[in-house]
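Working notes for the structure below.
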Amino acid sequence: MTRRWALPLLLIAFGLFYLLPLATHGLWIPDETRYAQISQEMLLTGKWASPHFMGIRYFEKPVAGYWMIAIGQALFGDNLFGVRVASALSTGLSVVLAYLLARRLWNDPRKSLASALLYMSFTVVALQAGYANLDPQFTFWVNLSLVALWFTFDCRTTRGQVLAWVALGLACGMGFMTKGFLAWLLPVLVALPYAIWQKRLRSLLIYGGIGVLVAILISLPWALAVHSQEPDYWRFFFWHEHIRRFAGDDAQHASPWWYYLPLLVGFSVPWVLLLPAGLKQAWQQRRQNSSGFLLLWLVLPLAFFSLSKGKLPAYILPCLLPLALLMGNTLVDRLAAGKTRLLAFNGVLNLVAGLLGLLALVYFQMKKPVYVDEPQHLVLVYVLLLGWILSNLLQAMRPLTLWAAPALGSFLLVALAPAALPNSVVYNKIPDQFIIDHVAELGQAKALLSNDLGAASALAWRLRRPDVTLYNTEGEVKYGLGYEDTAARKVDLNQVQPWIAEARKQGSIGVVMRVKSSDEEHEVELLPKDAKRYEQGNIVIFIIPQSQP
């Protein structure tokens with residue numbers, strides 16, 4: 001029964017809770033609008049080798065992730081679903097990998113289903129599936145490389161080992177073209193100690209060349225093409241995005257070594273209490289090949305990222321698949337032994353968290369409302385909170401038969417939460433929806449201007465026009481603006497009025513401003529007084545009319 005219905009049930013959950021919500025809310029700034037615009041620009045210009053952000057060189061990431069998002073927009077259109085579908089499909093494929101690897105490790109359909117369901121219902125995994133960035137894609141390629149690595153050691157035939165190494169090389173090549181050299185490093189971190197432990201180092205060195213060759217064959221054509229078009233690409237990408245980020249004294253997002261430990265606990269929601277039990281059982285079974293391999297996969301990348309100076313939460317997403325398998329193994333073993341107290345306590349913990357969330361919402365709505373004149377959003381919040389509470393109540397009351405109930409609460413949370421956001425968040429962080437309301441006037445403008453990269457990329461994506469001039473801002477495009485052919489894409493406070501005076505001779509100017517401080521209010525003051533003004537949250541749209549001859 002479990003074997004027959006496992007994958008269909010997972011597929012139904014994927015469709016209902018991963019795919020359907022993709023188009024229910026606008027694009028977040030700055031990440032989603034950036035990736036949407038860069039990918040759309042590839043479709044518009046045909047420049048597939050060198051990434052450009054609103055026509056400005058942008059060398060912070062390779063191209064494969066943009067290609068996938070561009071394919072989504074090519075197939076489904078320049079819309080919210082088209083932008084996000086690559087993230088959803090990448091996460092769905094990682095769920096399939098969890099199922100297949102669990103089946104290979106234990107040949108127990110219950111453990112296969114439990115492992116895949118736990119991974120799929122990790123709240124952070126499900127949230128990433130509906131968010132347009134490169135992390136879900138990179139996570140899939142790393143997951144595929146390490147699943148393939150297990151098969152390279154586990155296969156007993158030469159043909160099976162060769163095919164596994166080919167798959168590993170494919171994953172490393174695509175992972176490298178998605179986010180860089182980490183796609184090569186992470187499998188090596190696991191492969192070397194595991195091969196030494198298993199006394200298979202000779203086999204690793206003999207057959208490993210197949211994976212290296214495949215990875216090179218996949219990535220080399222693009223590597224040569226981008227070097228030919230942009231000779232400085234590799235210098236910037238290697239030193240800025242790898243050495244400085246992970247080892248430099250001025251590393252981005254510097255955090256202490258223990259930064260990821262509480263995050264790992266948070267990332268295991270709604271199965272938090274299975275985390276210590278899963279790790280304990282894995283340590284007790286560490287001499288078994290399966291547990292030892294999964295522990296290496298979990299611990300070594302986690303240690304590497306903990307020791308690096310620059311840290312972001314998404315870096316440890318590849319650690320969650322082995323964690324889900326270890327926890328799924330423990331869960332099924334406990335169910336088989338009739339030990340359900342831990343699962344009941346897990347349900348109680350989630351239930352208490354849900355009740356506290358509900359009480360906090362009621363309190364703030366009475367004292368300082370989060371939702372003002374938006375009953376539809378408030379209803380959605382109550383629905384998702386009640387769904388969370390009821391699903392975890394079921395696990396607490398019937399842990400033996402309804403052990404999977406928290407997954408439903410997690411799915412409801414990630415499916416409904418984006419559509420239930422208060423207007424105060426939507427108006428300030430999702431400007432593309434406001435831009436849609438005025439797209440006719442903005443689309444007629446001969447020139448476009450914005451003081452914020454997130455708002456500018458939302459404008460460029462919605463209008464399918466990369467030619468947005470940046471007003472007194474540069475941020476992550478500082479490097480690209482240093483090129484002579486794009487230096488004019490930015491105007492500062494002293495240049496903006498002459499620029500407007502010249503630009504409005506040709507036609508109207510569409511301006512999207514993000515006004516959060518007195519500095520930005522001063523930027524607004526320098527705009528012409530005869531402009532039409534539309535305001536929503538901290539996003540302000542101006543339509544500056546064409547000047548009279």
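Backbone N, Cα and C atoms are what each Cβ position is placed from, and that goes for glycine too.
Feature annotation from Swiss-Prot assigns transmembrane segment to 9-29 (among others).
Annotated transmembrane segment per Swiss-Prot: 80-102 (among others), in sequence order.
What Swiss-Prot records for 112-132 (among others) is transmembrane segment. Sequence-remote contacts of a segment are chain residues at least 6 beyond its ends whose Cβ falls under 8 Å from one of its Cβ atoms, and for the transmembrane segment (112-132) they are 2-3, 6, 9-10, 13-14, 17-18, 21-22, 27-28, 31-32, 35-36, 69, 83-84, 86-88, 90-92, 94-96, 98-103, 106, 139, 266-271, 274, 313-314, 317, 320-321, 324-325, 327-329, 331-332, 404, 406-407, 410-411, 413-414, 418.
Sequence annotations record features per position, and here Swiss-Prot assigns transmembrane segment to 133-153 (among others).
Annotation comment: Swiss-Prot describes 176-196 (among others) as transmembrane segment, evidence class sequence analysis.
For 204-224 (among others), the entry in Swiss-Prot reads transmembrane segment.
The transmembrane segment annotation in Swiss-Prot covers 257-277 (among others) and rests on sequence analysis. Away from its own ends, the transmembrane segment (257-277) comes close to residues 118, 121-125, 302, 305-307, 311, 313, 315-316, 319-320, 323, 327, 330-331, 334, 342-343, 345-346, 349-350, 392, 406-407, 409-410 of its chain (Cβ-Cβ under 8 Å, at least six residues beyond either end).
Long-range neighbours of the transmembrane segment (290-310) within the same chain, counting only residues 6 or more positions beyond its ends whose Cβ lies under 8 Å from a Cβ of the stretch, are 105-106, 146, 150, 153, 185-186, 189-190, 193-194, 197, 244-249, 251-255, 257-261, 264, 281-283, 316, 318-319, 321-323, 325-326, 329. Marked as transmembrane segment by Swiss-Prot on the basis of sequence analysis: 290-310 (among others).
Marked as transmembrane segment by Swiss-Prot on the basis of sequence analysis: 312-332 (among others). Beyond its flanks by at least six residues, the transmembrane segment (312-332) meets 94, 97-98, 101-102, 105-106, 108, 110-111, 114-119, 122, 124-125, 128, 133, 135-136, 138-139, 142-143, 146, 186, 253, 260, 263-264, 267-268, 271, 274-275, 277-279, 281-282, 291, 294-295, 297-298, 301-302, 305, 343, 403 of its own chain at Cβ-Cβ distances under 8 Å.
Tertiary neighbourhood of the transmembrane segment (342-362): same-chain residues 269-274, 277, 331, 334-335, 370, 381-382, 385-386, 388-389, 392-397, 399-400, 403, 405-406, 409, selected by CB-CB distance under 8 Å and a gap of 6+ residues from either end. As annotated by Swiss-Prot, transmembrane segment applies to 342-362 (among others), with the evidence given as sequence analysis.
Residues annotated as transmembrane segment in Swiss-Prot, with sequence analysis given as evidence: 377-397 (among others). Using a Cβ-Cβ cut-off under 8 Å and counting only residues 6 or more beyond its ends in the same chain, the transmembrane segment (377-397) has close neighbours at 270, 343-348, 350-351, 354-355, 357-358, 361, 365, 371, 403-410, 412-413, 415-417, 419-423.
Residues annotated as transmembrane segment in Swiss-Prot: 402-422 (among others).
Same-chain residues lying 6 or more positions outside the transmembrane segment (204-224) and placing a CB less than 8 Å from one of its CB atoms are 49, 62-64, 152, 161-162, 165-166, 168-170, 172-174, 176-177, 184, 191-192, 195, 234. Long-range contacts of the transmembrane segment (176-196) within the same chain, counting only residues at least 6 positions beyond its ends with a Cβ under 8 Å from a Cβ of the stretch, are 61-65, 134, 137-138, 141-142, 145-146, 149, 153, 168, 203-204, 208, 215, 218-219, 222, 237-238, 241-242, 292-293, 296-297, 300-301, 304, 318.
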